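Report on the structure given below.
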């Protein structure tokens, strides 16, 4: 039944970086308005020190230089992968609005077909412009807007699934799941589903970014503990409600994405509104997840080439009706190339579930399991071969196996979707 649970995770993707990100961010912002100096004891072993009120260039590497660098590379890759997924999802939502209107006009059996390429290019062009906006990462109101959009389409998805179950008068689906031609196909679907499920809770990539900006009092770990508990409870509630109700409503015909897969046709205006909320959220969300990558690369180039005019020179521009702003050749070229690359990859592999499964399988074990366990060992001074050490090591190994089979299944699914 793993492949049916992919519905839960597919819609969870829409919620995951939305509810979780925004709940954590809002709770953190409410706790950090008047914070003072930060104590070193409250810091994460892999995070930079922020005792000076900002992000220090001297990282705290209690788990070792190698772990620090590997974690940083995987985190940046995860942020980049999320940007690709946002391009795919935004285009799917825009296309869903077009199809919804077409089905309403022409009937549910009408051949309403629209491509993704044009919408991805449109989304990419918008992101090129937005990536040049100065201090974009400091616009706190974005979290509020994104949270409103997230809860709006989440409740719409929940309500539509619930209404469909009532209309059917029965609970669809089966414990054995979608029938397949052979056992191998069933295993591939199950493995891919594991990758999708792994993608459901990868908030480690935003938790690190948020925690790195905190000051104390109150202590970092106390603030993040409360924020994480609220966020995980909220997302889990929506995961279970949308996933279970979606499968109960459509059974083996459950679409991969409730709001774009057209399990529902009416009310069409509600489907349009929900997808518009998704697009609006992801337009800003793309930048929120890309800004750390921009900052990392530009900071590295500044240190590596301190005398380069291409890197360090800034030029002032003044556009009509807009305040003047400064831009460097590096910022213009790198950010444009970054957006172009994510858009190009999304155009080559515009496969929602397969891409999510691949990203989830790649990032789940190292960021969500391995590094947190290693940090816990260091912080709590857990000795090897103690009961707690054995339990956590076994858990980490089990999750590694899950990631491996999820990665295999997702790669197979991606190849089959592209060339099958």
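Note that Cβ sites are derived from N, Cα and C of the backbone, with glycine treated the same way.
Curation does not apply to TrEMBL; its annotations are automatic.
Feature annotation (TrEMBL): of 104-129, 390-415, the stretch labelled transmembrane segment is 390-415. The stretch that TrEMBL tags with transmembrane segment, taken from the ranges 186-208, 301-323, is 186-208. Among the ranges 34-60, 61-87, the stretch that TrEMBL annotates as region 'Disordered' is 34-60.
It is 390-415 that, among the stretches 141-166, 229-248, 268-289, 332-352, 390-415, forms the most Cβ pairs under 8 Å with the transmembrane segment (358-378).
Taking residue pairs at least 6 apart in sequence, the transmembrane segment (141-166) and the transmembrane segment (229-248) share three or more C-beta contacts under 8 angstroms.
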